[in-house]
């Protein structure tokens, strides 16, 4: 089934070219189906790129998904035009009285700042509180996951000595968890971050459970017992070239950055990256939508 997106959203042509089923709003109104209402809070600088990555995954499921895009009002985006935001995005005031089946909170390149130093922290706190009462299940990604764990449970983040950068092998910690259905015993996920959340801090909170982790990159998936809040530390949504783009950008600036691990053949950045996380990403988002959004949400929100 398709994702429902606004006419002329830049991601539309890209996804259609990839054979992803996209439906525009006018056609969706003619169908007698209640689509899942999914809100994406996009905190990433390159918003069009992130939109496309997430819509690609949401559109590759049997469920019809009506996507709404949300941006932070208290922060001025320097990498996405005002015209794009005005045309395709809403603010929290626009949606605060609505109910949503699911919500995604993306990462953001602010992890070296203390949470309270982030200029939109107060607004983000209001949105995260809104997710408790107005959203069936919320999926937090990377810094969004760290921020969610800090806001909801007071769990701190810790600065890494060196950036966690590459594609790392992960294993499963739990059996019988619906979010993990169909996962291989070992699978790979990209990470790109300067901070981490410690295992011992999660274990202090009885409501939280560690579903997946990596010997090299640490925690990957943490969730509440009912999976109303899911915290994903990696970037399974990344394009094949996302880590390459980050590496090339930082190298061009003269920054001291290592080649992303397990990404290029023989760690040779002159070669094409090896994509080994795509099937995992599709399964993660499909399981979340099916088991924790679609199966748990009423036909009509009261």
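Cβ atoms are placed via backbone N, Cα and C, with glycine included.
The annotation active site, acyl-thioester intermediate is assigned in Swiss-Prot to 142 on the grounds of sequence analysis. All protein chains considered, the CB of residue 142 (active site, acyl-thioester intermediate) has 26 other CB atoms within 10 Å. In three-state terms derived from DSSP, residue 142 (active site, acyl-thioester intermediate) belongs to neither a helical nor a strand segment and is classed as coil.
The active site, proton acceptor annotation in Swiss-Prot covers 235 and rests on sequence analysis. Classification of residue 235 (active site, proton acceptor) by DSSP places it in coil, neither helical nor stranded.
Sequence-distant contacts of residue 237 (active site), defined by Cβ-Cβ distance under 8 angstroms and a gap of at least six in the same chain, are 50, 53, 54, 56, 57, 141, 281, 285. Swiss-Prot lists 237 with the feature active site.
Sequence-distant neighbours of residue 163 (substrate binding site) (same chain, six or more apart, CB under 8 Å from its CB) are 192, 193, 194, 257, 258, listed in sequence order. Summarising the annotation, Swiss-Prot assigns substrate binding site to 163, 192, 249 and lists sequence analysis as the type of evidence.
On its own chain, residue 111 (site 'Important for acyl-CoA specificity') has 143, 146, 157, 193, 194, 195 as residues at least 6 apart in sequence with a Cβ closer than 8 Å to its own Cβ. Sequence annotations record features per position, and here Swiss-Prot assigns site 'Important for acyl-CoA specificity' to 111 based on sequence analysis.
Per Swiss-Prot, site 'Important for substrate specificity' is recorded for 192. According to its DSSP assignment, residue 192 (substrate binding site) is in a strand.
Residue 142 (active site, acyl-thioester intermediate) sits 7 Å from residue 235 (active site, proton acceptor), counting Cα to Cα. Of the listed recorded positions, namely 235, 249, the sparsest Cβ surroundings within 10 Å are found at 249.
DSSP classifies residue 249 (substrate binding site) as helix under the three-state reduction. Listed in chain order, the residues near the substrate site other than 163, 192, 249 are 165, 243, 246, 247, 250, 257, 260, each with its Cβ within 8 Å of the site Cβ centroid. Spacing of residue 235 (active site, proton acceptor) relative to residue 249 (substrate binding site) is 18 Å (Cα to Cα, whole number).
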